[in-house]
Amino acid sequence: MAEEFITPVYCTGVSAQVQKQRAKELGLGRHENAIKYLGQDYEQLRVHCLQRGALFRDEAFPPVPQSLGFKELGPNSSKTYGIKWKRPTELFSNPQFIVDGATRTDICQGALGDCWLLAAIASLTLNDTLLHRVVPHGQSFQDGYAGIFHFQLWQFGEWVDVVVDDLLPTKDGKLVFVHSAQGNEFWSALLEKAYAKVNGSYEALSGGSTSEGFEDFTGGVTEWYELRKAPSDLYNIILKALERGSLLGCSIDISSILDMEAVTFKKLVKGHAYSVTGAKQVNYQGQMVNLIRMRNPWGEVEWTGAWSDGSSEWNGVDPYMREQLRVKMEDGEFWMSFRDFMREFTRLEICNLTPDALKSQRFRNWNTTLYEGTWRRGSTAGGCRNYPATFWVNPQFKIRLEETDDPDPDDYGGRESGCSFLLALMQKHRRRERRFGRDMETIGFAVYEVPPELMGQPAVHLKRDFFLSNASRARSEQFINLREVSTRFRLPPGEYVVVPSTFEPNKEGDFVLRFFSEKSAGTQELDDQVQANLPDEQVLSEEEIDENFKSLFRQLAGEDMEISVKELRTILNRIISKHKDLRTTGFSLESCRSMVNLMDRDGNGKLGLVEFNILWNRIRNYLSIFRKFDLDKSGSMSAYEMRMAIEFAGFKLNKKLYELIITRYSEPDLAVDFDNFVCCLVRLETMFRFFKTLDTDLDGVVTFDLFKWLQLTMFA
C-alpha cells in the first residue's frame, strides 16, 4: 500500500477558544463523547485510507526527528543516530495489536526515561474495563488495517480521542522505546506514541510521577502517602484501593542525580517508578504475613530479599496458595513483605477513580467540580503568601460547606464533626512546552475562612487588606514542581476561599482546579462584576469655562481654535516634561490620536474648547491618582499598583479585562508609565460613559448593527 498524507485542519487562537466553549456546551469532552484531538476523526481517516488503498501517515505527529525530541533526543543527538521509523508490518510477518488480552508483561521499558508512564500502563492492565476505555476494542493489523490506530486520554478535564499512525522508532530492526515481551505485540508501543503526540514529543515523556499517567488514563485524582509518616492502616487502604480498581504506584527517592536508577543491594531501583499490582495476606508458619506485589517496568531486575521469586519463605506457604500467587522468575514482577516495602520505598501514589473515600469503611461517591484558570504576568500571577503585595491578585474560588460527614462507625467520639473534601490543582501543558525551555512550575494553594461580615455575599474578589490581616485556615501540604498537587481536608461547615498560585509571582501558566466533596457543597469562581462608579461629568458651555483656561486654549489651539492630534501631543509632552518625578517617554502620536478619537464628539478629528476642557480635567485627576499609587515613588506604577489605581478611579473590572489592560499598556518589565496610564483611563472612562448613554433601558445590554460596531472599534 502507498502512504496517504492527510493534513489536519483545526482552529487556533480566539476561534479555537470559541469552538472549545461551544463544544463543552454540547457535552463534548465526556468519555462517551470524546473530543477528536486536533480535529482528526479516526473512522473517517481509516475509511479514507482504505478507499484509496493507502496507509495512513500522521502529519500532525510525523515520523521525523522533531517528534523524537528536542535535546537529548533532538535532531542532532547521537542517541537518535540510526533510528528509522517502521511499521509493525515491516518488522513482523504477523504483527498483533493485542495477544491473549493485555497483561502487565506487555510493557517493557526501552531507551526512554518514562518508567512512570509504563508503571501506570501496567496498572491499567489489571482492570479490563479501564484498559479498554483507553485502548478501544476493534483494532488490529488484519481486518480493516490502514496503518491508523486511536486511543482515548483524559487531558485536563476532558477526554480526547487521539489518532496515530503505526510508524514507530526502531534501531537495528527493534523498537527503541516501549515494547512487549511478546515481540510481535504493539498496543503498548502505539499507546506510548499517542501519549507522546499529545505532549509534543517522545522526549517530553522523560521523567515524571506515576500519578500523571494514572490520571490521564482514568480522569481520577491521586493522593500521595509519604511512607515514613504513613497512617497505621495503610495496608488496609491499599487492599481497599486494589479491590475497587484504583491504580497504585510507588518509588524510592534519590538524594542526588548520581542515585538516579541506581540499583540497591537487594535489586531495587532508586528514582524509578514501580506499579503496585497486588496485595495478599498469607499464612506463614502459623502467622499471617502481609505481602505486596510490585512490578518493575523494565521487565527485569527484581527484589532479591524476603519473599522474592524463589526465596525460601515460599516453602513455608501452602502450595495451592503459592500457585495462586503465580511466583515466576525474572518477569519484572515480584512479592515482598509489607514491612520491607515500608522500609525500602519512600512514596506511594493511589489514584482514586471515583474518587472514593479510602479512609471510610464503605464506598462513597464524591461530588466533583472542575474549574479552569490562568496565571498571567502582571494581572493574575501573584505568587504565594510570601508575596503579600501581589498574592491577592491570584484567581480565587469559594467553597460553601454545609453538610457534615456521616458518622464513622469506628470513631468513638474522638473527632469533631466536619466536612471532608479534596482539592487538586493541576498545571496544564507543561510537558508540551519543554522544548521551549519551560518545565513544571512550583505550585500549591491556600484555603481561607470567609469572615462573618463577608459570608453570603455575591462573587467578590478578596483584596489585599483581607490577606494582610487573615491567616490561612489550611493549605496544600507543600508547594512542589509536579503537574498536580492534591490534599484532603476536613473543615467545619462554613464558607472558604481557595487561592491557587505558583510559588513565585509572575510565573505564567494555565491550570485546572478540581474540588471533590463527600456531601453536596456550593462552589463558585470569585471575580468582580464589571462596573464603573463615575461621578456625573460636568460639561460646561463655552461661556461657563474659566477665562484663564480660554486664554490658554487660544494660545495652544492657534487660529482654527481646535487642537489636532499633533498639537495635543506637543501640549501633553510639554506639560509632563515639567514633572521630573514621572517616568515616561512621552505621549506617542498613536496614543494622542486615540484620545482625540475618543473625546471628539463632532467627528472632525480635532478637539474644541469644551472637548479639551473635559480631557484636561480628566488628566489632572489621573495625575493625582497616579502619584497616590506609585507607592515606591519610582515614577511609574507596577502592574499590581495599576490594578489598585484603576479601582480607586471608580472601575471594577474582572480578571480577563485586567489581563488585556496589562498586555496593552505595560512595558516588558510590567511597569506602567504615566502616558500609558492616562491612555488606559481615558479609554475606560469614555467607553463606560458611551455605553451608559446607549443603554437607555438600563438592562446592561446594548445592540449594535455592523456599521455602528465598526464605527466604534475603528475610532477606539
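Glycine too: its Cβ is placed from the backbone N, Cα and C atoms.
Note that the structure is a prediction, hence the values are computed from the model and not measured.
The range from 209-224, 305-320, 529-544 that Swiss-Prot describes as region 'Linker' is residues 529-544. Taking the Cβ of SER634 (Ca(2+) 4 binding site) as centre and 10 Å as the limit, one finds 12 other Cβ atoms among all the protein chains shown. It is 97 Å from the Cα atom of GLU611 (Ca(2+) 3 binding site) to that of ASP318 (Ca(2+) 2 binding site). Close to the recorded Ca(2+) 3 site, the chain also has GLU562, VAL596, MET599, ARG601, GLY603, GLY605, LEU607, GLY608: residues not among ASP600, ASP602, ASN604, LYS606, GLU611 whose Cβ is within 8 Å of the site's Cβ mean position. Across the region 'Linker' (529-544), DSSP assigns 3 helix, 2 strand, 11 coil. In terms of Cα distance, none of the binding-site residues chosen from GLN109, ASP318, GLU323, ASP600, LYS606 sits within 10 Å of SER634 (Ca(2+) 4 binding site). Looking only at the binding-site residues ASP114, ASP318, ASP630, the densest Cβ neighbourhood within 10 Å occurs at ASP114.
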